[in-house]
Amino acid sequence: MKNQLLDAKVASEEQETVLRPSLLNDFIGQNQMKSNLTIFITSSIERDESLDHTLLHGPPGLGKTSIAQIIAKEKNVNLKSTAGPILSKAADLAAILTNLQKNDVLFIDEIHRLNIHVEEILYSAMEDFSLDIMIGEGPSARSVKIYLPKFTLIGATTRLGLISKPLCDRFGIHLKLNFYSCEELTQIVERGAKVLNVALDTNAAIEIANRSRGTPRIALRLLKRVRDFGIYQNINPLNQQITDYALNQLGIDKLGLDSSDHKYLRFIAENYDGGPVGIDTIAAALSEQRDTIEEMIEPYLIQIGFVQRTQRGRVITANALKHLH
């Protein structure tokens, strides 16, 4: 199982509230996306209209939820949040939509996991800002059209390919979030340290950033765990030595890989001479769900050039073999 410290899907309540940036100017990284979004938001405010429906996609932990909250804050409108798996019935979505006010933001996380019947309700809501509701049953049932105030739907997904084309095409704005650079993560760690009232030197911040898999959520989680080691050993401010020790104790190597990553790489290296090998074979051998491997393990390994996805299966690179040895 993936080390929860490196699981970008796991977020603490503290991170959700205290450590999130509240405005675009506070948001570190994703500069091209941020620049475009500033233009879109400013234009919508000048026109006194809702922002076009927006689809945010990219690996977990990169700031999709934060962006949704920032959009609502910048627009000075209400934000309603839910998630694809929660909306099991069309009535669930209809109840949310009918309570929206003009220009409000509805954020649906994991939108690729929407029930197809719920998704179909969204089509007219997104295009025409209306709902067709069936009242009654049997021969006496009739359809009633309910008109909605203009709103902005923000969908977030880690699996863009799983979103149906009809739904995808209804988003006027598509924004991709990429992994962060070490420099950007260092700034995020330093900002997080100030918010948490943690003293640390630059080398400690860089060490945490280097091991954070390009992901702010992981960087902030590691910062808090290093803080714990510093308190236990009475080290203040946090320095590179205690940071290195803490992260080693947590099973996180210099590149941010944990035992699950090493197990994945070694399986391919030792059993298939570096690959190719099919994803289902890997999942069975590691006793992991295919989705877990594709969402939590592979993206970063591909990003750092350790794994290649080919038509014949997964292949690990010479750099990966060098790192293992």
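Placed from the backbone N, Cα and C atoms, the Cβ positions cover glycine too.
In Swiss-Prot this protein carries:
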- Leu19, Arg20, Gly61, Lys64, Thr65, Ser66, Glu127, Asp128, Phe129, Arg170, Tyr180, Arg217: ATP binding site (BINDING)
- Thr65: Mg(2+) binding site (BINDING)
- Arg290, Arg309, Arg314: DNA binding site (BINDING)
- 1-180: region 'Large ATPase domain (RuvB-L)' (REGION)
- 181-251: region 'Small ATPAse domain (RuvB-S)' (REGION)
- 254-325: region 'Head domain (RuvB-H)' (REGION)
Report summary line: For DNA, with binding residues Arg290, Arg309, Arg314 per the record, max Cα distance (Å, no decimals) returned as 14
Report task. If we count other C-beta atoms within 10 Å, could you say which of the binding-site residues Phe129, Tyr180 has the fewest? Result -> Phe129
Report summary line: Glu127 (ATP binding site), Cβ-centred 10 Å count of other Cβ atoms over all protein chains shown, is 10
Requested in this report: Please give the greatest C-alpha separation between any two of the ATP-binding residues Leu19, Arg20, Gly61, Lys64, Thr65, Ser66, Glu127, Asp128, Phe129, Arg170, Tyr180, Arg217, in angstrom, as a whole number.
Outcome: 37
Query raised in the report: Given Leu19 (ATP binding site) and Arg290 (DNA binding site), what distance in Å do their CA atoms have, once rounded to a whole number?
Result: 31
Query raised in the report: What is the number of residues in the region 'Head domain (RuvB-H)' (254-325) that are helix, strand and coil, as DSSP sees it?
Result: 42 helix, 9 strand, 21 coil
**Report entry** Inter-residue C-alpha distance, Thr65 (ATP binding site) and Arg314 (DNA binding site) (nearest angstrom)
**Finding:** 31
Report task. With Gly61 (ATP binding site) as the reference Cα, tell me which of the binding-site residues Arg290, Arg309, Arg314 is the closest one. Result -> Arg290
Query raised in the report: Once Arg290, Arg309, Arg314 are set aside, which residues in the chain still have Cβ within 8 Å of the Cβ centroid of the DNA site?
Result: Gly278, Ile279, Ile282, Ile293, Glu294, Glu298, Val307, Gly313
Query - Greatest C-beta neighbour count within 10 angstroms, which of the binding-site residues Arg290, Arg309, Arg314 - result: Arg314
Query - For Phe129 (ATP binding site), the one of Arg290, Arg309, Arg314 that lies nearest, given that the binding-site residues are compared by Cα - result: Arg290
Query raised in the report: Which whole-number value in Å describes the distance between the Cα atoms of Arg290 (DNA binding site) and Glu127 (ATP binding site)?
Result: 35
Query - Gly61 (ATP binding site), number of other Cβ atoms within 10 Å - result: 28
**Report entry** Per-state residue totals over the region 'Small ATPAse domain (RuvB-S)' (181-251) - DSSP helix, strand, coil
**Finding:** 50 helix, 2 strand, 19 coil
Query raised in the report: Which number gives the other C-beta atoms within 10 angstroms of the C-beta of Leu19 (ATP binding site), all protein chains shown included?
Result: 21
